[in-house]
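Enquirer: Let me begin by handing over the structure; questions about it come next.
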């Protein structure tokens, strides 16, 4: 026994050294920053990727719906719903598991903003219970042009699924995105969390009741994001996330009763990504089993676990059908954007290592035992390869390390910023002027993970080599959790216990969304969004002219409408261009003035500001009711 203790102690001493090769905190910061370069719509005042500007401002107008916002999927200017929803799910899962570690790097707030940018759009895309918009723009016309998003002249038609044109895979993945995001906003923004969960429940019912593949309804997506796996995996995936979000046994029973029929317990997988979710379902179902929640379906959930561990063993090279690896040790599935599978698999390996570690057991593979630390260290080796520990000594994350791709297949980064040169870039003119340039991109696409090397570790940094140099949101999303976990070092991570997220270091805007659509009588009524306990009223009390500008003095009154006293008030303000009186500056915005520590029920506080513009955007972003 003493020898075991000595060996264990040596491992603890050596483990920090094993994590010391890369700056995982820096890589995490960059990987989150990439999402700001992919934003569509009106960019916020705290936008950090400053070479981008507003774009896609008429999206949805031709269809009579507001679809402004969301993310461009990769190096083009189309908004594809299926990969966008998967991106959001994986970002939310990363935060739900490793949000504490993200907070330690100062990046939790940015990560949550990245999720909310996506879910705000998904709420717009779901205007009725059984209607979901799954694409804006089309790949054919978009790929014919090489334009920055701010100039695009391509068709922005929106495409939808509904009861007569179903898409269970799209609706299921979107339900998973909404449900997983509701978990991370539950403490910080409970009203928004409830709204997301209402949408998730409606979308799951839509997916399950009206079954069909989305690309049979939105046929323009077939060439780019065809759903090869069908919709069985997304139905189970959505149910797993709804159970995780609600603890409602209905969704656990769905996993138990449909696991065999929908393939969850039958498919032995060696890949995980935006199309095929079975390995993710199997990992989550195993977590429920380890937590002791699946007793009524123990036999079914045991089969989920066996398939989850088949995936883990295959990644390690200890299974009966193993994942191919390059000579440099990188998992390899296909030449076109191979790194999407590497980052997704690395996340599953990481989180499953923590699940299994909490049970005190190992994994039994066909070729021997695999320990939890073995899973984690293999995931680390894949991340380290991406960050530069490879035969080419090249980082495949743009902006990280000394050598990384310079000619990324990405319209916005390859064309001079509209803020630097506003000259219009035409559809075909972009190819003539910018696409074929031999020099590097004028804009740094910081944090983007490109498609990566081929089966022999070779890579050609050329803009027309889209298979290897094009980035994608779903390349980055899974790696957030892995980087946060690696940055956290060798501490004990019991991911079977609930993770309580700390308050992020920057505010997440608490926007009021449009009311939820009313379902048909046969549909359970959605949970309504709780009303805010505050009113914010602004009035221009006076104005004057000075050196050709008109200045306004605005009085702002914040009233506590609740029956309780408010403490720890946090007020966020954007689009403020002048001085303010009556509040104290805080790290997350503004708080009570020095002479006030609380706001009793029914009482108000007033502050004023002056600037030469319309009223600033003001909202209450945090508070405590006592």
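Placed from the backbone N, Cα and C atoms, the Cβ positions cover glycine too.
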Enquirer: To which of the residue ranges 508-534, 535-561, 562-588 does TrEMBL assign the term region 'Disordered'?
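Expert: Feature region 'Disordered' in TrEMBL: residues 508-534.
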Enquirer: Counting all other Cβ atoms within 10 Å across every protein chain shown, which of the active-site residues 461, 470 scores highest?
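Expert: The residue with the most neighbouring Cβ atoms within 10 Å is 470.
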Enquirer: Near residue 409 (active site), which residues of its chain come within a Cβ-Cβ distance under 8 Å, counting only those 6 or more away in sequence?
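Expert: 75, 450, 463, 464, 465, 466, 469, 470, 471 - these are the non-local Cβ neighbours of residue 409 (active site), listed in sequence order.
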